[in-house]
Structure formats: C-alpha cells, structure tokens
Amino acid sequence: MTSGDLSSVLNILRSLYKRTRTLEEFADGVVFREGRRAALLQPSDTHSFKSFVRGVFVCSDEELQDVPSCNQTCTFPELLAFILNSLKRKRRRNVLAHGYNFLGVAQEDRDADHFRFQGDLSQSAAYIHSSDLWKKVTARLGTDVTRYLLGSCSVFVLAPPSCVFQICGVPAYDRVSMTTASSGFLLRPPSRKHKSFQVGKKTRSANLTKTGSVGDVEESRKRRRVESEVSTRKRKRESEEEESRERRRGVHHEERRQHEAVLDESTLSGKSGENDAAAVKPPPETSAAPPPLEGGPSWRSGAFPPLPSSQCFIRTLGFLYGGRGMHGFCLNRKRRTAAGPRRLQGQDLVRLVFFEGLPYLNGQERKPKKLPLRYFNMVPVFGRLLQRHRKCRYSSVLHRMCPVVELSRAAQGELSSLIPQHCAPHRVYLFVRECLTAVVPEELWGSDHNRLQFFSRVRGFLKSGKFERISVAELMWKIKVMDCDWLKLRRTAGRFPPSELAYRTRILSQFLTWLLDGFVVGLVRACFYATESVGQKNAIRFYRQEVWSKLQDLAFRRHIAKGEMEELSPAQVASLPKGTVISQLRFIPKTDGMRPITRVIGADSNTRLHHKRIRDLMSMLQARVRSAPALLGSTVWGMTDIHKVLRSLAPAQKDKPQPLYFVKVDVSGAYDSLPHDKLKEVITEALSPVQEEVFTVRHYAKIWADSHEGLKKAFARQVDFSDGSMGSTSMKGFVMSLQKSSKVHHAVLVEQAFGSNLRGKDALQFFTQMLTGSVVQHGKKTYRQCRGIPQGSVVSSLLCCLCYGHMENVLFRDIKNKGWLMRLVDDFLLITPDRNQAQSFLSILLAGVPQYGVVANPQKVVVNFQGSEGGGAFPDIRVLPPHCLFPWCGLLLDTRSLDVCKDYSSYAGLSLRYSLTLGSAHSAGQQMRRKLMSILRIKCHPLFLDLKTNSLESAYKNIHKLVLLQACRFHVCVQSLPFAQTVAKNPTYFQQMIWDMAHYANALIRRSNTGLVLGDGAQKGSVQYEAVELLFCLAFLRVLSKHRPVYKDLLPRLHKWKRRLERLLGDLRLARVRQAANPRALLDFLAMQM
C-alpha cells in the first residue's frame, strides 16, 4: 500500500486532533517508570503484526501525563471489562462502549466486581476482545498504556485501501460542525494584528482573518470569569448592602447552574456574529433537545458551561400548529399551589421569566426561595405588566388588524374559497405590535429606541420560513442596556465595574428572550394556526382560528366521505390491543384542497418501538429490492435514476431521429387508494423468499473531506443479508465491502449500532399488524384506516412503489420491448416510438385499475399526440404539439432530441427567501458559503450537464439558468446576513465566494462528462473553464446590477473579470456563451420573487 492512499484520511484526522500517530510511533515515545523504552515491534514479529501496528492510528489532544508502568496488573479481558464498566458507570461517550449495556444485574453486584463483563460484547469491544493482535500489544505495552489508549485516546484502524474506522474514543463526528465550514472565512476584512493566509488558485486569492484556537477562547473566558469574581468580591466589601449583594451573587451562581445563556459585552457592539472563532469541536446543537412547551425557555439548551448568546436560538417552529385559544396563553396560566390553582402575580412572573420557567407553574420548588433584592425590586413593574395584560382586549385588536373576510353561505362550504383566507405576516406583526404596546410597560422597554429595535426583530421573525431561527445575540443587537433603570440594584447614578454591565445585559437578554419566545410566540399560537403549505417551500401561512376550524372540518368530512376510514365505537376503542399506537391527523393546505398527513407523535416506549419497527421494515424491503430490482418495476427515485434511463436512449435518438410519443399520467390519491388486500399480497410475495433469512442492521457515521465544501459528515443505516461470515459482521469487513462497491473512499467511519436478530417473517408480521391496526384520532373520535396507507410514514413511498411495480409487471410487461417507462412514485411517463402502444397505455390508466387502486387524474394527463379519432378519444386531457418541451416532475424533455432542462415555471410567484434556510449563525459568512456550495453541487446534476444526453446548446443554457438562479440565491443570502453585514464591508470575500462557485461548477461539469475533452489552457474542447466563468459573470451581473447600492463595491470587479474573460475567449466560443445568456430565454425568471 502506498502512502498516497491514506494521505486524505490522515489529513482529516490531523484536522480533528492535535496529535495523530501510528501505534508504532506512539509506542516509540513511551518511557516506562522502570526506565526503559517500550519495544512494541521485535525482529521476530510476523508481517501481519507489523502491518497491524502500522495501520493503527492513535489520536489525542494531550500527551500521556502519568508515567506508565510496564507491568501486567491484570489480564487483557479483565482490563477491557474494567474500562467498559467504568465508561458505562461514568456515562462517558466512547465508541468502545457502543452496544455494551448492563444486563439485569443488581447495583451491588456491579460494584462488587469491575473486572467481569456485566453486559454483552458487541461492535468494537467484541472486535478487540477477540483479537490476538491486541492481546500482544497489551502484553508488550503493559496495562497502564493500554488503558490510556482505550479509555482516553481516539484509536482508528486501517480498512484497506483508503479508509479507517474508529474503535475507541469520543465519536469523531462530534468534532465536525455542519453549521460552519472548516475554513477561516469571516465577513470583515483582515485586521493588521492578525496573520493572513491565501485561498484559491494561483493569484486568485483573498487575505482573510484566521480564526482563533479553541484553547485561546477558553483561556480568555476563564480570565474574564476570574476578573468578574474578583471585582464582585471588592464591591461586596465596599458595599453597605452586604446582605443584598450576597443574595445577588447567590442568584448569579444559581443561574449558572440552570445553564442560562451569558451574553458577551461584544454582542452589544454588533461583533458577535462576525468575529467568533470557528471551533474544531462546537457545542452541541440545541435542536437535539425536545421542543419545549409554549412559553418555555427554548433558548436554554441545557449545556454546561452555558452556550454563548450567538449559539442560543429561538425557532419559528415554536408557533406552528397552534390555534387553540387564549386559555393556554402563558400569562393566563394558573400556578398550582397547595391551596389550589391561583392566578399569576408579579412575583410569579419574575420567577417564570428569570428562574424556573414553566415548571414553576406546575408547583416546582422555588430556587432561590427568596427573591434577591434586585429581582424583588422588579416585582411591581411585572405586576403592572400582568394588570395591563388582563385589561387588554386581544380579540378586538385581532379583529381590527387581521379581519376575516365575510363570505356567502355557499362559499363557506367550499375549500377553494377558504384556503386563500390566511393573514399576511405583516398583518400578524401589526397585531403583535399593538398587543406589546398595550401590555408591556414603558419602564421595561427603557427607551423608544429599545422598543423599536425589538419590534424590528419581531417583524423579521414572523416573516421567517419554517426552519428559521434567531439568536439571542441578534435579538440583543443595538439594545441599550443602560436605558433600563429597572435592571439596577440601586437607582442612583455612579460608576460600576464591567461585571455589573454584563450582569444587567444577561438579565435584559432573559427578559427579551422570554418576551419573544414566551409572549409573542404564545400569542401567535393562541390566535392563529400557523402551517406550511404544499408548493410554497418553507413559507408559513397564518390562519385565524375560526377560519382554520372551518377548513379542517370541511377537509376531514371530504376525507371521510372517500370511504377510506371507519369510525370506531367506544367499545371498539376499549378493545384495541394494549400496544396499539394511535396516530394524529393533520392537514396541509394545497392550491385546490387539503393534504392529510398522518403522524405518530409521542415519546413513550410503544411509540419508540413502533418507529423502530417501521424503520426495520423499510430497511428490509430496501435490502430485498437491492437483490431483486424487478420488484420496483419502472420506479425511479430521483434525477440520478432518470439520467440512467435517458442516457441509454438519447445517443441512439440523436444519431437516428424518429418520432417519439410521450404519455404523462398522474394517479389521484395514490397513498389513500391502495387496497389492503393487494398490498398484503405484494409485500408477502416480496418477503416470502427471505422469511427465514437473518438481516444485519448497521448504523454508522461517515466523515470525508470535500475540496470545495470542507469537512463533511453523514449518518447512514444499512440492512443486508447475513451470510454468517466474519466479514459481514465485523466493521473492518463492512468498510472494505463498501469500498469495493465504490460507495466510500478516503473516509473515516464510526460504527454506532449493530444488530443481527431481524428476520423476514418478523417484518411481514409487523407489516400485517400495522396495516390492519392503523388507528387515527381526530378530535374526540377514533377511526380505523381500512384503505390506503398513511402519507406521513417513512415507508409509504416504498410500499406504493412496490404495489405499482407489481402492477407494471402484470399489465405492462411488454413495454420494454418497444418503449421506456419511468415512474416517480405515482407519476408515470411513457416514451415510445409506437403510437398504438402509447394509446393502449393511456387507455388502460384512464380507465383505472381498481385492483391496485389506480385512478388517473385527467387534469394532470399530458400527451404529445392526438387521439385515434382526431382527439375525440381523450377529450379531457392536455394535448401538446408533437415537437415540444414535455413537462414531467419538474423537468422539460425535448420530444425530438431528448434534451433535458429544468422547469423553472414552478418558481413563479414564489419567493426564493423561503427556499433557503440560513439560520442565525455566529459565522454567517461561512454558513452562506457552505449553503451555496451544497446547493450548487445538487443543482449541477449530470442529467442537465451530460453532453452524451444533451446537446451543447442545451447544456450551455442549463448552465446559465442554474447559475442565474444561484445568483438570485446569493442575493437572498446577502439580504439575510445578520448584524447589518453588507458586501461593502468585505467585497473581496464575496468576490472570492463567486470565484469559488465558478471553480466548483467547472469541476462538477467535468465530473459529469468523464472521458470527454471539455476544455484546457489551449482553448480546446467544447466547454472551456473561461466560458463557465463568463456565464457566472453574466448571470451575477444581471442579478446584482438591479441592486447597485448594495453591490457598488462588487460590480466593478465583476465587470473587470468579465472583460478579461471576453478577451480570452474566441469569437466562436463567445457567441456560444451569448447565445445561452440571451434574455429571451429567461422569461421564467421574471415571475420569480426575491
């Protein structure tokens, strides 16, 4: 094996750990307490042992502190058992302990013998325990060194030819952040106090600031904390109010124990989102925690030490799916006491905001029992807030700001009339602003400046998309803490230390965070039903409670009228099996109706087991499909499968053109109309050959380096048939098999879980139980689904494809002889040179196939030929010309040449703002770059760029259109930058970002055309580097020129770049670029919103 095979993966390890060495190099640096060096390798060792030692990599951040002994104090199995029991007892994250769980042993027996295995060995522990090579390593290095290796280091083992897998240590994927790139890009220009580095190729570079190290950040935090404590002690000695000071300091430490976010002073100057260093190992994301209740402190992550304010978020998911009235509003809640529930008072609200949160209302013990003096002084103003809340007429404000349009009685019974009756986010903001003005006393704002700044954040928050979020740092930006006298311990003017300002800032951030996350979000949930909609990306619609009630009632009645569900009587509900999981029904608005979504929600053991069994069923069906692809018929899962089909057709069609007939058919209500009997038959037929087969289920993580997107990670779950060999169960054999199948190369893999106790008959039994026992609750009634499958299940698409694949194998078996059939779940597309075959296929589907529940929707049927009798045979369908761009699943196919382009008409009337989820990151520039690069990789698909499938003219047009859309996304991202960051503050960085995207697009285009000469430095080939760069220049100039004030510092650089490229390209190639950039071909983009 050459060293070059491992260079990429070793670079990954070196970027994650301070020290990365082979086991041989690690052993050479060990000096025992007895005075001699470790001798791991000896001349008499076998070649396999030497290769093993040189193929094990030891990674750590610190050196071995204690001087080890070379003695053997216990056997290797005893040492392994001691390490595993210690890890589980101390609850430490370590790959070695994955799969090792304590059996049903009493606690006394566990503590009695730590040198005995108290759980089943699996995964890494089983691999090490059964390895004679590791026993030899332990014998030569001693117990102390082996314990240090397995308990404190991260050890990786080579899996030839180019991967490694982790066997112990904290999982490596914890050190890879997906929110920020690994580069040091910042939004501000470089400072003279910092060193700079070069990025890009040759002279195309930009000097940007390096991020600080993690150690420096932690050291500065400790220093600030020590200084704060010293100054606090000084003030305590000097203060006359010694008792009140002591209380305040007690609250300070109590709040630290409650993991409240501490806001840095730099946040107030607007630098928090710009100058934070990109840590190698970021704090855990708050999204890992379950969503809190309404009004709860969702910005508290529970992490310790507390996260900085730039990493504490309030999410728009908090106000989705509410609309339950004001009785659940946080200020209308009552506190449970020994004497019974009572209304909130000022003191209760202070505790709700600054201390316990919502658990306080449920009777949780008060901490501290007496409010400190500073907080005690706040009670009157918060009491006035409650009084103003009880006097506020929310309903009249709601009717005035968000009125309901009066409809006729006939229109009130139609979904098409009620669906558009949603309130614009701006109207919702006006309602919230009016309520905030009426309820919050002026004293709490401190100044009109603070009030207007908070209103601005509320307006942006309500206009956000479904997965957007705002950080506490962004919420506190430009807020003047000194304007708020209620934060002070004493109302007298005078000097105070920086720690006092930091403390006041933290208190104010807590209040404003509660005001947004508790009051605003709670008020929106109480008065509106906020939901996403089909075809509107992540945009949120706000429906008045009474409008949504009518919509939901109409949609449910129509759903029941289809005969797919039967109501259960109370006796039938009581007789349901104990483990029955009851689903909830939710509706999502569409253009012309409502889509029902069935979801199983809950955290109990039955729900978790149900989800696990569904995932197992899906994985087994996927494994079965991999071994027998014919089960899926003509199913395509995305653009990659479509490209494979068209690549087999297009070359022959281009060489010898012939008339092609296209038929597009969409099935109406595909999921809801599948007959249970037929579905049981299909799944039984699919799983019957493997009912006695044993399946292995492996969960693993993968880390790899992308030259343009930095370090990336992904999590996967794979199910395979077990052949009983060691290669199918060991992680090393699994990684080697992945490399043989070209699924993984130059990557670090971490096994998370492994199981081999699944059988096909178990999956078939669960599927039958799931199908017959699908129970749905809506309101106070319970129903059983007697037809169709739930739309919200992860396995629904696969079940639908298997059923339709079975139908195709029965009815359309002969199509492959003359035509090509593709189906994306329930969207059929037939391409055939035989007109009779096209008419026969269309006739069968239009007539319906009741045994499979297939009923075609005539409004979505499209053909490019007339019927047999001048169009009279198919009167209700859409007929296109023989030569046209044929629409199917967001694509446009040329019916003559089979060129493919994307259908951008679906963007008409939509805002690109809602197609992107940027979030509020402390390194927004890095997040923007990573997001745009990942989108570019997805959009530059071979389906549009492959010159064997598409003509050169079509490929150029596809490139220009996707780059033009990328420029629109770039503008949307710039508009969304937090802390008023602009391109003018660092135009070099944004120019470099555009340049990097052009380089990445060039690489993706060449990757899509492997084997073809597209262009080089001698201006040869069909698609030159300079041509793609010029397309980027033209697209970005076209979009950014419409916003000259924003990009006044960037546009001259793009014009200079454009002129240079035009000089490099010849007349012929320049004409090709201008042909693709013709404004007449960009009509689809005119209706797009940004």
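The backbone N, Cα and C atoms fix where each Cβ goes, and this holds for glycine too.
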Of D666, D672, D996, the one that Swiss-Prot places in the same Mg(2+) site as D826, D827 is D666
Of 82-87, 316-321, 436-441, 658-663, the range Swiss-Prot tags as motif 'TFLY' is 316-321
Which range is region 'Interaction with RNA template' per Swiss-Prot? Of 396-422, 477-503, 693-719, 747-773, it is 477-503
Candidate ranges 371-376, 539-544, 845-850, 1001-1006; Swiss-Prot annotation region 'Interaction with RNA template' resolves to 371-376
Whole-number mean pLDDT, the motif 'TFLY' (316-321), equals 89
Across the motif 'TFLY' (316-321), DSSP labelling yields 4 helix, 1 strand, 1 coil
Neighbouring CB atoms within 10 angstroms of the CB of D826 (Mg(2+) binding site), all protein chains considered, total 20
All chains considered, the count of other Cβ atoms within 10 Å of the Cβ of D827 (Mg(2+) binding site) is 17
Cβ proximity for D666 (Mg(2+) binding site), under 8 A, sequence spacing 6+, ordered by residue number, returns D826, D827, F828, A856, N857, K860, V861
Taking the centre of the Cβ atoms of D666, D826, D827 as the Mg(2+) site, the remaining residues of that chain with Cβ inside 8 Å are V665, V667, A670, R823, L824, V825, F828, N857, K860
According to DSSP, D826 (Mg(2+) binding site) sits in coil
